[in-house]
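Going by Swiss-Prot, these are the annotated features:
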{"type": "BINDING", "residues": "F48, I49, V50, I51, H52, Y110, R114, T251", "note": "substrate binding site"}
{"type": "BINDING", "residues": "H237", "note": "heme binding site"}
Amino acid sequence: MKQTDATNIEESIQTDFKKDMSYGDYLQLDSLLTSQQRLSDHHDEMLFIVIHQTSELWMKLILHEMTAAIQAIADDQLERSFKMLARVSKIQQQLIQSWSVLSTLTPAEYLEFRDSLGHSSGFQSYQNRQIEFSLGFKNAQMLRVYEHETALFAQLNDDLQTPSIYDETVRAMHRRGLPIDEAVLNRDVTQDWEADASVEAAWAIVYQDVEQYWDLYELGEKLLDIGSQQQMWRFNHMSTVERIIGQKPGTGGSSGVSYLRRVLDHRFFPELWSVRTKL
């Protein structure tokens with residue numbers, strides 16, 4: 001077969017990896033690509049596994065970026081957090097799109113391997129729980145799901161007690177001289193965020209004087225992007241589940257679509273929404 005410019009390998013390309021690290025070595029592909037172990041013989045179980053595993057990898061990156069962004073805000077380096085938060089928003093778009101791939105799984109196909117899942121469920125995703133905690137959606141009762149794993153339970157309990165990105169944002173607003181009630185600044189951060197009039201009023205000041213508070217204004221918009229994307233992810237999750245299992249209970253024991261629909265009623269960063277009506 002005649003070699004062409006397109007098929008001929010360049011002489012400078014590295015081909016000897018006996019003593020050097022290769023692409024596969026760096027990414028640990030041997031372990032990564034052998035972790036998709038089907039528990040049934042059904043073809044479509046591979047789709048189910050890969051979608052969930054890749055979602056967990058994206059969630060790991062979200063947590064990596066969120067942790068750094070929260071620290072930047074706590075250090076009053078708001079602009080440094082913008083790139084991280086913009087990246088989180090892009091990752092969320094990938095996660096949202098993944099539901100359209102999973103929705104190619106029909107009810108008949110899912111039934112072929114559903115029993116193999118036992119009581120394992122996406123509800124038990126601890127990284128998704130950590131993301132929700134970092135955004136301010138907290139519920140200590142959720143930790144009961146993880147009591148069987150001592151180290152993980154301890155980590156999630158620490159996450160529950162760590163101020164969310166919204167807690168740190170409101171504290172940063174206070175340090176800038178914006179009036180925030182002491183009760184909000186000293187609130188129990190293990191509890192779900194509840195809308196507060198003083199926080200809404202502070203955001204109104206920011207949005208009415210963008211030039212003076214540009215960094216806080218931009219941070220508010222970045223948070224709203226992330227909150228909106230998280231709601232879209234939840235909606236697509238609910239829609240995909242209903243398309244595949246209808247109104248049946250989830251494998252983890254939840255009410256399935258009914259539970260996911262109730263979760264949709266929760267809104268992240270409520271004052272960033274309500275202030276728009278006040279302006």
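Each Cβ is built from the backbone N, Cα and C atoms, and glycine gets one as well.
Features per Swiss-Prot, on structure.
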residue: F48; record: substrate binding site; Cβ contacts under 8 Å, 6 or more apart: L102, L105, Y110, F113
residue: I49; record: substrate binding site; Cβ contacts under 8 Å, 6 or more apart: Q36, Q37, R38
residue: V50; record: substrate binding site; Cβ contacts under 8 Å, 6 or more apart: Q36
residue: I51; record: substrate binding site; Cβ contacts under 8 Å, 6 or more apart: S98, V101, L102
residue: H52; record: substrate binding site; Cβ contacts under 8 Å, 6 or more apart: G122
residue: H237; record: heme binding site; Cβ contacts under 8 Å, 6 or more apart: W99, G122, L260
